[in-house]
Amino acid sequence: MKSSRPSTAVEDRATPSKSIDDHEHDSLNQAAHKGPSEKEDHAEYPPMRIVVPVMAALYLAMFLVSLRLTDKDRIIISTAIPKITDDFHSINDIGWYGSAYVLASCSTQLIFGRLYSFFNNKTVFVASIVLFEAGSALCGAARSSIAFILGRALAGVGSAGVFAGAIVIMIPLVPLQKRPMYQSMLGAIFGVSSAVGPLVGGAFTTNSHLTWRWCFYINLPIGGASIALILLFLHLPQLPQSHSLSACEKAKRMDPLGTLLFTPSIVSLLLAIEWGGSTYAWSSSRIVALLVLAGVLFAAWVAVQAWLGSDYATVPSRIFYQRSIMAGVAYSMCIGGVLLSFSYYLAVWFQAIQGVDALQSGIRSLPFVLALVVASILAGGLTSRFGYYTPFALACSCLLAIGMGLVTLLRVDSGHSKWIGFQVVCGLGMGLGMQMSSLAAQTVLAADDVPVGASLMFFGQGLGGAVFLCITQSIFLQELLKNLANVMPDSAAKLLANTGATNIRNAVSAELLPAALLEYNKALTTAFYVPLAIASVSIVPALCFEWKSVKTARTHASKHKGADSERGGDKE
């Protein structure tokens, strides 16, 4: 079938004198705009000398943002906080150091889905890396707490663009059948960044010559290398919308009204769950007001999406109500929730119960990371070989539920065989399924709709991680206070609960330490029931994925089709 891009006589005419670069550009052009119902076998893709350096650039960029979006970012920040607060004299701003990044990333994730739909993908991706780099540079050079927080927020916005862009740019480079293998490396990169994070943070914060600022400066050369490779080797054609739509029309299709409703709704929700139970009581007027505001604004956003129609909505109905997309968003929320809740509180278990520092905690988390990397690559290879991703999503949910159940059995005296073996089961489960929702979006959606679909999956993973981590934290703190009250006065229990995990042995007398560790362990294992529940629930959306093969995928919807599109067209 013909390409969806309008052809001209000049383009169709054979030109033997074309340069190699022209042929590479044409290959990218045909692959980028291939129609949704066309077999990918007939698409032309660039040679490996183009694919390899561009994929390396994508992996470098993903390494940067994965390093900052995992629980290890919290470890890096928590390790650096004493020195940061000493420099800025800003102990009251500690909460914002971690939340500013997550707030900015989640609230702008869907916006990038539209940006990649209407603007040159290469330009948007490079701009996203530049934003992330600028935020990192601002954090490293900050001379005030406000500047540091702004840098964190700026980096969060950039990370949202990098996550969506890594998937979008892969489409014209690699056929769908081979894409699972390439995409599985993204999961491996995520795992590697989880291991490297605390090692880098510990090394920089304890080095008197480098200081905590190098936790952020280290991003600059890596991001610079990614940008250089993209600029040198990636030559994407202009999107059809770039030629056919005016600047004013593009602005309208960016859904400014929906953005004005969606962004504050997500910010309100995340602030409520971040502050609830810690800074303020859940029943306080501020938390209730934030939750109500989030609900009202989100309901208004949903109404606006329905009113605008497919061409003008941030998330067109043809995308969101697609069965695998709805299942993928729910599945991504579950996977994100399990990943952050488990890995964050596993680090706390190592530090509090086994008495190691953040650096050693990261080293002891390697069984989870290595198992995740192996399973991710294995799942990608098998999906490319057999075509179906749904079995791996189901296997992920089952293994995660088993692994989380085992983790609840950890005790103060648990040996290496248990905490290593439990991590391996969890890592294998996580690696099998963490990339499957975004792969589903690429399989069931039209090529033009993939940017929005991929953004939805990353949004779900980020939001699920933030929400369920806060729920886990609330349960842990509640259980910890209740348990410690059994062995010490309430005032001492509250003081110990507010003490860092690494300082528990200094805050408790030698006589009370065994009993305190026992109660601390009970609180942690109770907290692990949250990721256990989430992993168990994830089986439901995994069962809802359609059984579609990446080998014979044919999408059912294309742009400007259906009642929603017609309603959107009436607004022009």
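Glycine too: its Cβ is placed from the backbone N, Cα and C atoms.
Noted in TrEMBL for the protein shown:
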REGION    1-42  region 'Disordered'
COMPBIAS  10-27  compositional bias 'Basic and acidic residues'
TRANSMEM  50-70  transmembrane segment
DOMAIN    54-550  domain 'Major facilitator superfamily (MFS) profile'
TRANSMEM  91-112  transmembrane segment
TRANSMEM  124-142  transmembrane segment
TRANSMEM  154-175  transmembrane segment
TRANSMEM  181-204  transmembrane segment
TRANSMEM  216-236  transmembrane segment
TRANSMEM  287-308  transmembrane segment
TRANSMEM  328-350  transmembrane segment
TRANSMEM  362-382  transmembrane segment
TRANSMEM  388-412  transmembrane segment
TRANSMEM  419-436  transmembrane segment
TRANSMEM  456-477  transmembrane segment
For the transmembrane segment (124-142), sequence-distant contacts whose Cβ falls under 8 Å of one of its Cβ atoms, 6 or more beyond its ends:
61, 64-65, 88, 112, 115-116, 148, 150-162, 165-166, 168-169, 213-217, 219-220, 223-224, 226-227, 230-231
Grab the same-chain neighbours of the transmembrane segment (50-70) for me: Cβ-Cβ under 8 Å, and only residues 6 or more beyond its ends, written as numbers and ranges.
24, 101-102, 105, 125, 129, 132, 155-156, 158-159, 162-163, 165-166, 169-170, 173-174, 182, 185-186, 189-190, 192-194, 196-197, 200, 219, 222-223, 225-230, 232-234, 339-340, 343, 462
Hey, which bits of the same chain come close to the transmembrane segment (456-477), Cβ under 8 Å, at least six residues off its ends?
69, 71, 102, 105-106, 109-110, 113, 160, 163-164, 266, 269-270, 273-274, 276-278, 282, 315, 319-320, 325, 328-341, 344-345, 437-438, 441, 497, 523-524, 526-527, 529-531, 534
What stretch, picked from 154-175, 287-308, 388-412, 419-436, has the most CB pairs under 8 A with the transmembrane segment (362-382)?
419-436
